[in-house]
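**Student:** Provided herewith is a single structure, encoded as structure tokens, for subsequent inquiry.
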Amino acid sequence: MHKRNEKLGWLFASPYLIYTLIFFLFPLLWAVYLAFTNWNTIAPEYDFVGLENFFSALSSETVKAAFFVTYKFMIMFVPIVIIGSLLLAFLIHSLPRFKGLFSVGFFLPYLASGVATAIVVNGVLSYNSPFNEQLRNFGLDIDWLGSPILAPLIIALMMAWKFVGYYALLFLSGLESIPKEIYEAAAIDGAVGWKRFWHVTIPMLYPSFYTVTILAVGLMFGIFTEPYVLTGGGPEYSTHTWQLEIYNQAFEKLNAGYGTAVAIINSIVTFVSIYIFKKLLEKWGAKHGWE
Amino acid sequence: MKGLKKLFAVMLVLLIPLTGCQGSGDEASDDSENENVVEFEFWAAPNPTQEAFWKGMAEEYMKENKNVKINVSPMPESPSSEAGIQAAIASGSAPAASENISRGFAAQLSDSQAIVPLDEFEGYDDLIANRNMEGSIAGWEFADGHQYVLPIYSNAMMFAWRLDILKELGYKEPPKTYSEVIEVGQKLKEKYPDKFLWARADLVQPTWWARWFDFFMIYNAASGGANFTSGSDFVADRDAGIKTLTFFKDLNDNELVLTREATDPFETGMSIMMDIGPWTFPYWAEKFPELKYNETYTLSMPPVPDDVNPADSKTFADTKGIVIYSQASEEQQKAAFDFLTWVYSNPENDLTWFEKTNLPPARDDLSTNEAFLSYLEESPQLNMFAENIPNATPAIDNEKFVEIQEEIGKQALNPIMKGDKDPEKAWDDMVDAISGVLK
């Protein structure tokens with residue numbers, strides 16, 4: 001009976017396993033192999049180059065730029081999106097009715113095309129837009145996308161606008177699941193107002209914080225569309241992300257082997273970064289009784 | 001156990017349609033009912049106009065040639081058409097032929113033996129002679145002496161000038177030399193301090209393809225269209241290159257260029273000069289109908305250094321063409337070539353193309369052949385493009401063209417426009433960087 005159940009289990013899992021094998025595992029193994037070659041994916045012949053692609057990538061200025069730019073985006077995006085989505089979740093939570101309607105409304109930017117959003121932002125920030133012309137009337141002439149500080153901030157804000165509604169839903173579900181009794185008990189102990197917020201609500205939202213932070217951190221390693229359309233990675237590589245580097249190398253310069261090596265380094269950096277955040281979050285959770 | 005077997009059977013049935021999704025052009029030709037029919041795939045550029053043109057041509061051809069079946073489809077863009085072709089070649093599902101190939105990408109493809117030389121097909125010389133394109137195709141010869149691309153259209157890039165504003169400044173025609181351009185710019189700034197001569201944000205970005213529409217337009221005019229590379233050698237004209245960079249420096253020093261993103265700066269009169277291809281005119285017709293050729297704007301070839309005759313000005317050719325892929329069988333390659341020979345043996349087909357796409361066919365006789373005259377009379381703004389096809393040099397034919405053009409931006413043009421380097425140093429740094437790329 002036990003063996004039969006085991007077989008049935010494998011059988012039911014097999015479609016997913018086959019799918020994973022074909023579309024994830026084989027490509028992954030193939031990519032690892034490719035990273036050790038100089039193949040451009042169209043030449044009939046190529047050579048095995050050992051670790052050369054990895055050494056080149058590690059000493060490349062553009063890869064270094066991608067590495068630091070990702071953390072710069074993280075420093076900007078993660079706090080903005082967490083604070084923004086938390087505020088939005090509180091706002092929706094406090095509504096007496098139509099919570100669902102507002103949740104869906106704020107979720108809509110998540111469905112918006114990154115290309116379309118980037119084109120709109122480009123129009124708004126262009127030199128001769130009404131917005132900039134008004135600013136110039138006040139003596140402010142700001143080169144929004146030409147500044148190495150402002151350009152990444154604008155991209156981080158665009159992404160925050162896109163994801164804030166989605167993450168707010170996660171916080172909202174966390175807020176909705178906090179039992180009233182906990183607040184009542186806290187009130188008896190004198191925890192009201194900000195005290196209640198910091199010592200009850202925030203710790204009780206730990207599972208939501210955990211999910212949102214890990215998702216937001218992971219997202220930073222996959223940024224492509226916004227800088228591709230808006231800045232092309234500039235100015236001075238201040239918005240040059242991992243995905244832009246991989247795309248440029250693999251599809252524009254036809255250095256597929258090298259591009260794959262960069263992709264593997266990117267996945268390792270992503271894994272390590274998420275692991276560090278996971279550990280930090282778990283430490284914080286453990287302090288508040290979350291195991 | 002019986003139930004388990006049934007479940008396996010159901011799973012198998014579900015998997016069959018999935019495996020049935022696979023297929024390729026080669027298999028399709030084997031399945032043809034008639035063994036004598038040659039079937040091949042042709043990828044058109046991913047836009048409805050060009051796809052419709054090629055579908056129409058294929059239908060006409062198949063009516064006359066019952067033994068050929070051509071499947072025309074738009075090339076995949078994932079995320080670019082080049083990447084789509086690359087993926088198709090890697091997966092062994094490349095078409096027999098495709099259009100929309102630039103000379104630079106063709107250099108990458110030929111270097112990887114992914115495309116075949118067209119000049120080795122029987123009837124190639126007749127095709128070139130019949131289409132009257134001996135002059136235009138000369139610039140397309142690759143370093144190995146072969147022709148891999150049959151250019152379909154050639155946009156001799158021009159500069160558009162706001163004629164109405166030039167007249168306000170006291171000029172009847174666009175400036176033709178560097179010093180004339182600077183003089184116009186200075187007068188413009190005197191009268192309209194908020195206007196710019198040229199608005200081009202790409203001048204401070206290392207975007208490789210942007211160099212076609214700024215650096216190469218000016219460099220080709222200064223050098224008479226001199227080659228930039230030959231095989232793996234850097235052979236650019238240093239004197240012309242430094243003059244080109246000095247011109248950009250002078251534009252920058254006189255604050256004549258806006259290097260920030262702006263929406264339709266030329267159309268709104270914020271700038272009075274812009275690099276232009278014929279694809280702009282349908283946009284203007286729809287959004288800016290007030291822009292009239294030889295009333296509000298006019299066209300000119302790129303300006304030249306003061307010691308060069310403006311009549312000798314050359315420009316960059318934004319041009320794309322057709323290639324035949326090595327993965328196709330010899331029979332399919334021959335059938336694809338015969339199809340192209342048929343299409344280009346009749347100027348009426350080029351006229352249809354011109355009318356549908358506004359892209360000037362790559363023919364030497366475009367401005368003189370009677371077949372096109374009436375259309376050019378209807379659209380006089382296209383005349384300059386047609387006349388200058390022989391004066392336009394296509395992109396460099398090196399497989400490292402992306403890296404080379406990136407270095408032109410990073411080492412030379414971008415620092416010049418930011419005032420960080422003088423022209424000689426910028427040129428020398430660029431040469432060093434490109435030599436490193438070509439090694």
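Cβ atoms here come from the backbone N, Cα and C positions, even for glycine.
The transmembrane segment annotation in TrEMBL covers A:12-36, A:73-92, A:104-129, A:149-172, A:204-224, A:256-277. Residues annotated as domain 'ABC transmembrane type-1' in TrEMBL: A:67-277.
Help me picture these features in the structure, burial and contacts included.
**Tutor:** Taking Cβ pairs closer than 8 Å, the transmembrane segment (A:12-36) reaches residues 48-51, 53-54, 256-257, 260-261, 263-264 in its own chain, all 6 or more past its ends.
Remote same-chain residues near the transmembrane segment (A:149-172) are listed as 69, 72-73, 76-77, 80-82, 84-86, 88-89, 92-93, 99, 103, 105-110, 112, 114, 117-118, 121, 125, 142-143, 205, 208, 211-212, 215-216, 219, 223, 226-227, 230-231, 234-235, 238-239 (criterion: CB distance under 8 Å, separation of at least six residues from the stretch ends).
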**Student:** Below 8 Å between Cβ atoms, which of the listed ranges A:104-129, A:204-224, A:256-277 makes the most pairs with the transmembrane segment (A:73-92)?
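**Tutor:** Most Cβ pairs under 8 Å with the transmembrane segment (A:73-92) come from A:204-224.
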**Student:** Using a Cβ cut-off under 8 Å, which residues of the same chain at least 6 positions beyond either end of the transmembrane segment (A:204-224) come close to it?
**Tutor:** 70-71, 73-74, 77-78, 81-82, 85-86, 155, 159, 163, 167, 170-171, 173-175, 178, 182, 241-244, 247, 266, 269-270, 273-274, 277-278, 281-282, 284-285, 288, 290
**Student:** Give residue numbers and ranges for long-range contacts of the transmembrane segment (A:104-129): same chain, 6 or more residues beyond its ends, CB-CB under 8 A.
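**Tutor:** Contacts with the transmembrane segment (A:104-129): 88, 92, 144-145, 154, 158, 161-166, 168-169, 225-226, 229-230.
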